[in-house]
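Have a look at the structure below, then the notes.
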Ligand code: AGP
């Protein structure tokens, strides 16, 4: 998954492009490059492997003037991250410069065909094929946008691209299929294109979202959007309400810590204008548009990946217990390839922070092919999933920059609770129970804040456990999903091997692994399965495993059993994951810092996996 950006206007392009790339580093950061139309010198292009600062350093040796250009930050999919494979890529005559986010799945066949036509390739990337394919259509009297359209018709795969040419230096052409792309309107005669809003916020909040299969031609005279079949599109602009500084760290050492600390307001923002506490209902615009269809639904499939799948795991128990609708969770990459049984009483709900996860998008499109009702719970406004479902709800967690998801997970659970309320109150969920859930949801921000104030104690706990390379996170019922997510946090930022597991299943094999190399974290609030957790802890203590117990404030007995204890305030059982996850996020964060890992940009990962 990569970040692309383009600018055309009256200011120097280089600083604008570099600022935008900086804000997209979380999308991928193994190499970067730019191309600037430098009036008298044609196109200046420079690219460097490694982090963006390598490119910044290299640029210092050049004086580049130009008021139009494109920039790219890469997460490699084809071709190792090195200077030559970094974007932009060019054609044989080095007239065309292209940057790309996505995968050209048929690039080998296209490359063979182009090589037969004597095109010379210098990289191992799929993107370079696109440059030569455009060249093959770019006759001397052909417009760049027409050559790009013709080339894209031959492409199988996904792309968010921006293209410029030294032959038409007053123009940037951009297009999307399966990867996000927006146009930023700065002023008359001044425009940007980018993969996402954070890249353009310093310049403008006015944007236009491109839809699948659309191509935009941008000049200082304005922009025009068409389909690949040349049908003109008139798209209204949207206003982005995120402030640029929201995506800054606000003084925290890492985006991840800032985002953990933002969770109380994430819950508040998510509930605002939706929870009607006195009636014990949730007013969800998207859900209400399809209220009649939802009444007929007797099966829900929650589809998601990674952290979102673990939120969905917890949400599935909420929906079954309180709305009485059979609900299962499917991992996006599995759902899209197996043969799911879907009918008109099934609904597919996609849960996704970015709204651009390729596997989740593909699952959504598979569901739509079956004609089932689709719904989404997404954070990024205007993202592909959010625009392709029948209806949905936004998490309103604000930009989540750290690759390891925290506040978005919290927001997903918040939305799943509201969704459960809306669905349940359409069916048998009583006013009293609805009011109780609503009351507890409203009390959560303060309870989360109480836990955040334990940050120093949790940091001390991390100092005791950060050298362990093996861990099991164990929970039951609602906190089985919490165990999965807590373990994912630890492994993805500290690289310790942590496994989330249903506590009741430890004795069916994994118990054989336990010895002093492990710590085991039991999520054991005083709930309906508390006693079962206690017996699991006893099993483990007998095998010399170190035990950290997470339980409800005031629980004295567990202190005698566990080596260390974390406490959370009491709440409804279905909402305990929204409290229990907070100490686990902080524990993972502090362990990763102590292990000197790159907390915000862990190795091998990217914020949104828009490729398979
Ligand atoms: C979570 O910390 C990871 N970054 C990853 O598992 C992520 O949750 C997953 O890729 C799904 O992303 P999405 O929510 O944007 O669809």
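Using the three backbone atoms N, Cα and C, a Cβ is placed for every residue, glycine included.
The Cβ of residue 2 (active site, nucleophile) has 28 neighbouring Cβ atoms from other residues within 10 Å, across all protein chains displayed. The feature active site, nucleophile is assigned by TrEMBL to 2.
According to TrEMBL, the active site, for Fru-6P isomerization activity annotation covers 607.
Across the residues of the domain 'Glutamine amidotransferase type-2' (2-221), the predicted structure has a mean pLDDT of 92. Annotation source TrEMBL lists domain 'Glutamine amidotransferase type-2' at 2-221.
Counting residues of the domain 'SIS' (290-429) by DSSP class, helix then strand then coil, yields 64 helix, 29 strand, 47 coil. Annotation comment: TrEMBL describes 290-429 (among others) as domain 'SIS'.
Across the domain 'SIS' (461-602), DSSP assigns 71 helix, 30 strand, 41 coil. Per TrEMBL, domain 'SIS' is recorded for 461-602 (among others).
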Three-state secondary structure, which DSSP defines for residue 2 (active site, nucleophile):
coil
Sorry to bug you, but what's the C-alpha spacing from residue 2 (active site, nucleophile) to residue 607 (active site, for Fru-6P isomerization activity), rounded to the closest Å?
10
